[in-house]
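Asker: I am attaching a structure below and will ask some questions about it afterwards.
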């Protein structure tokens, strides 16, 4: 193997979409003295597609027209997008959401659905919460006397969506993130890529200006960052040196202290990493069927939020593949399991998990083994994926956060260390954590801040730009 130069102006640590967007932004602006260091054998991170079958093992949704992800897919790559759901739509046909409670699926115009959305709005606008100490979503629901029959729905639609549960998710953190999303100008629509297209089509676009032989190093884990020198940053005891670092690794890597920093991270960053954020497990269960029986019964519903207490399933939806792929592999229904629900399945085999979800669908749609048309399925638990070890970040509540709560914690955590280390990834996006576009936006911002610091080293990085959390 040819030896790579050991010194670069910029090292991007992490080859997920945040790191790749940072690389693309640098290259688009004429800065090519960088290398991407990726710990695993592939780039893309939590964007992971099975192109043959047209299924998504990782990130699947395009949230909001006008986001950076939407722009790349719709405008740059001209990929057709299919509207899946829209919270703001008042009628079932345009909304696409279903709410499962007491064995029945209710559409958006039903009182059950309207009450769920009212509770979310109540959380967002709760002025007393803004001034109170931190508390969990469960504590907030009890404080506001929300009927218990809605607790699981709120867990599924809010906490589970963010890889958490109502017992651990911060009510203040959730409120701040929702309010940040309201300040943005992208739309309310939520999409799937249509037909045989897959989400990983963004990866060749983001790397089209990258020399994959000279500017990418796979299977290279950075275990130490020494930025004590005024001019040079040493990675892995000086194996690689650089002037700037864009750190685009999953929250788990920092929270579990897998990278040694010299000097150490500030007490503020350590407090945020340990006491105000976490990253729990996340699992997708993809089942294949001969025909879409769910569409025959509920033609308006594309995504179902589960309000009944199931140990594993929080949501499920109907993934988009081409007609040819449906004929060859079957119609796809995707189960979504996060945090404690994903943990509940750790003792189970993949086959047991698939059969659990199958029985769940049978019960919901009044089917059985003889008539459901089940063909098989796949399970992807991101907790098992090395160098990721979870789904995505969420706002955590702890005893320490109740004593000392730092407001706008993602913005604070994302602040560069001097003009040397810059942070990128979904965890640092205040308005859109747990999204592909949130990760991309922070990668773009980190790269632009690095470019600005190279031009005027004493300048202060620009303020955090905002796009919507949907």
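In case you wondered, yes, glycine gets a Cβ from its N, Cα and C as well.
Pasting the feature list from TrEMBL:
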type: BINDING; residues: 38, 39, 222; note: FAD binding site
type: BINDING; residues: 336; note: substrate binding site
type: DOMAIN; residues: 17-451; note: domain 'Amine oxidase'
Asker: List nothing but the largest Cα to Cα distance in Å, as a whole number, among the residues 38, 39, 222 that the record says bind FAD.
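Answerer: Between the most distant Cα atoms of the FAD site, 9 Å.
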Asker: I want to verify one value. Collapsing DSSP to three states, which class is the residue listed as 'substrate binding site'?
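Answerer: The three-state answer is strand.
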Asker: Please list residues from the chain of residue 38 (FAD binding site) whose Cβ is under 8 angstroms from its Cβ, counting only those at least six apart in sequence.
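Answerer: Residue 38 (FAD binding site) has long-range Cβ partners 14, 15, 19, 216, 217, 218, 219, 220.
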